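One structure below.
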Amino acid sequence: MLSDNKDGCCSTHLIDGDGGFNVAGVDNFMKEVKLAECGLSYAVVSIMGPQSSGKSTLLNHLFRTNFREMDAYKGRSQTTKGIWMARCVGIEPCTIVMDLEGTDGRERGEDDTAFEKQSALFALAVSDIVLINMWCHDIGREQAANKPLLKTVFQVMMRLFSPRKTTLMFVIRDKTRTPLENLEPVLREDIQKIWDSVPKPQAHKETPLSEFFNVEVVALSSYEEKEEQFNEQVASLRQRFFHSIAPGGLAGDRRGVVPASGFSFSAQQIWKVIKENKDLDLPAHKVMVATVRCEEIANEKYASFTTNEEWCQLEEAVHSHSVRGFGRKLSSILDTCLSEYDAEATFFEEGVRSSKRKQLEEKLLQLVQPAYQSMLGHIRSDTFERFKEAFDKALKGGKGFALAAHECTESFISRFDEECTDAIIDQAKWDSSRVRDKLRRDVDAHIAEVRSAKLAEVTSLYETKLNEALAGPVEALLDGASDDTWPAIRKLLQRETDTAISGFAAALSGFEMDEESRDNMILRLKDYARGVVEAKTKEEAGRVLIRMKDRFSTLFSHDQDSMPRVWTGKEDIRAITKTARSASLKLLSVMAAVRLDDEGDNIDKTLSLALVDGKAGASSARSITSVDPLASSTWNEVPPSKTLITPVQCKSLWRQFQTETEYVVSQAIAAQEASKRNNNWLPPPWAIAAMVILGFNEFMTLLRNPLYLGVIFVAYLLFKALWVQLDISGEFRNGVLPGVLSLSTKLLPTVMNLLRKLAEEGQGVASGETQRNPAVASKSFRGSSSTNDNGDVSTSATSEVTSENGTEYSSSSLHDKMQ
């Protein structure tokens with residue numbers, strides 16, 4: 001509990017009469033007087049002495065506290081129970097005074113001295129200055145009250161391991177006329193005797209009193225009889241408590257001070273140990289207090305850091321993007337947190353303080369490490385993306401691949417290192433090499449990916465060029481198969497391959513490839529070129545039958561001028577067929593195998609002997625030898641991998657080819673026979689001889705009478721004109737009946753047309769004769785027969801109507817010719 005604190009002393013009941021420690025009261029007391037902020041700049045003063053010896057009165061006057069004082073009018077009784085604590089008002093540094101319960105009280109009895117010893121030990125353990133209040137008239141007495149008290153003090157002091165250096169101030173109350181100079185030696189002598197008589201541990205057998213205590217002696221006049229003098233002496237004594245912990249002060253050489261922030265916990269633990277009647281190891285206790293308090297301080301600073309607004313904002317930002325100045329900002333926050341810890345824990349035991357600080361630092365770094373890793377991740381990803389953009393731009397700008405890769409890699413790895421330096425946390429010794437290695441792997445993987453893509457692009461480009469340069473020409477060369485086909489293909493392949501390899505090698509030079517890889521890629525390009533030729537040849541070989549038929553049809557149906565043949569009956573169909581089939585066979589032999597290695601073979605000769613040249617004698621030869629050169633699945637001197645059409649397949653294809661081309665040959669022969677029949681109108685020679693013999697008389701008759709010849713000639717001309725106009729030979733090509741029906745419908749109109757033209761021509765001749773000179777007119781008909789003018793005119797007109805080739809002329813053209 002706290003008493004009235006209007007005067008600022010904040011008196012608090014520290015330990016009650018039953019030995020209970022007022023934890024809540026002490027904590028509240030520390031908050032009220034702000035003790036935790038004092039560090040080591042505070043002092044603890046306690047007072048002990050016989051009951052009713054005026055201890056509380058002395059403290060109230062000396063330190064301006066408000067401890068409860070004994071009422072003399074009510075008689076002597078126990079005023080202070082347990083231990084009370086208050087703040088000395090107006091004294092610097094902060095001084096805490098404890099008022100102990102009086103010794104030798106009748107309330108506890110003669111034999112109950114346990115609490116006295118416990119409170120005395122507690123006072124020695126926590127106090128820098130111990131006031132021993134005693135009566136002046138007891139000095140020099142052997143069995144006076146001060147002897148048991150001093151024995152108690154010295155005995156319990158032995159229970160402290162490494163005791164504090166405590167100032168014992170003996171306050172002699174109600175000083176008589178005996179001067180202090182005479183009283184002090186007697187008192188010191190009594191104190192030394194008591195010290196010498198107190199049993200001590202082996203380690204302190206020879207230890208002098210001054211090692212543990214500074215002994216001070218003061219004397220005060222009687223408060224009741226000489227109050228004014230008492231107050232003056234108290235005021236003078238009060239001055240000695242100002243700056244008591246400074247060098248030369250009352251407690252200037254104290255040892256093992258607990259920092260003010262740990263006072264409450266330290267006092268509580270000391271009392272607990274004393275209550276359990278155990279020896280008190282002050283060094284160990286100091287370490288324990290330091291451990292607990294430093295851990296509390298560290299936990300407080302850790303909790304404060306987790307709620308720090310600047311850290312929370314930084315943590316939230318770094319999870320989404322890179323933060324400029326991340327390392328500097330976070331280092332500053334951590335440094336502030338650790339500095340606050342150092343400030344609060346600076347007075348605790350160094351080893352413990354450092355250990356807890358290290359633990360706090362490790363916890364803080366463990367807390368911020370994910371943010372640091374996120375920052376490195378953002379730096380890595382951002383650097384990688386910028387690298388890809390710069391690398392792509394460099395390649396598009398025409399820079400060599402290897403040079404661009406090297407420059408971009410070095411540039412952006414350096415940038416990564418710079419940004420990682422900006423993200424470094426001063427308190428951590430973290431290494432960013434793993435993230436750097438990952439960035440390096442990502443960069444190398446991207447370069448390798450782009451390199452593969454670019455190489456594939458370059459390879460595809462030159463493969464496309466080779467395909468365009470080889471496929472079409474190879475197809476054309478194979479289509480015009482001859483003995484020079486494969487040499488031409490090899491020459492074409494060599495020329496195009498050399499051109500492609502020259503450009504391809506130049507393109508590869510920018511990649512800084514090792515010699516072996518470069519040679520392998522060039523070799524693959526060469527193989528691709530050969531593959532194009534082989535694939536095209538294989539493709540064409542799959543259509544060889546169609547090619548053979550097309551070639552046969554072209555050669556068979558067209559002459560040397562590429563004009564379509566007209567089968568008039570004069571062509572040698574057998575020779576033409578043989579030539580066309582030989583050319584088709586040449587196509588088959590060219591496509592039977594791939595010949596890119598310029599190795600000789602007998603395919604052409606074998607096919608020629610087996611299918612064309614040796615066909616006549618093949619049956620007899622096979623009957624004798626029983627060996628068919630095409631009865632095999634391989635060609636001699638040609639590996640199976642180069643074989644496109646096996647001998648057996650050639651034989652089958654040739655048989656199918658002959659079957660499918662026989663119809664064309666037969667059609668040509670039929671057309672030739674029909675042409676012969678259409679163009680041969682003469683009777684057989686025997687018929688002509690018979691007609692000459694049997695018609696001799698009629699022939700002589702015609703010679704005797706030339707008029708018959710004119711009539712026959714005119715009739716011939718008319719028949720010839722009708723033949724041409726009606727196209728009788730053409731009409732009968734479709735059959736006799738259709739020809740007769742067609743001629744029957746066309747005969748009468750054609751005859752009428754001829755007669756009309758003759759009439760028109762006659763009129764034109766008559767009108768012309770009237771206008772011309774008779775001499776000219778007679779001259780124009782001089783070439784005609786003179787015996788019959790009408791017949792001559794008629795004959796001339798008729799002969800000029802039609803010509804032998806069946807061309808019809810108009811009357812005007814006939815008139816021009818006559819002129």
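Cβ coordinates are placed from backbone N, Cα and C, and glycine is handled just like the others.
Where the annotation comes from TrEMBL, it is an automatic prediction and has not been curated.
These come from TrEMBL:
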| type | residues | note |
| --- | --- | --- |
| BINDING | GLY49, PRO50, GLN51, SER52, SER53, GLY54, LYS55, SER56 | GTP binding site |
| COMPBIAS | 781-792 | compositional bias 'Polar residues' |
| COMPBIAS | 793-804 | compositional bias 'Low complexity' |
| REGION | 763-819 | region 'Disordered' |
| TOPO_DOM | 1-682 | topological domain 'Cytoplasmic' |
| TOPO_DOM | 728-819 | topological domain 'Cytoplasmic' |
**Asked** Who sits close to GLY49 (GTP binding site): which same-chain residues at least 6 apart have their Cβ under 8 Å from its Cβ?
**Response** LYS55, GLY102, THR103, LEU131, ILE132, ASN133, MET134, LEU149
**Asked** Minimum Cβ neighbour count within 10 Å among the binding-site residues PRO50, GLY54: which residue?
**Response** PRO50
**Asked** Averaged over the topological domain 'Cytoplasmic' (728-819), what pLDDT does the prediction give?
**Response** 54
**Complete:** Cβ contacts within 10 Å for SER56 (GTP binding site), all chains included, total 22
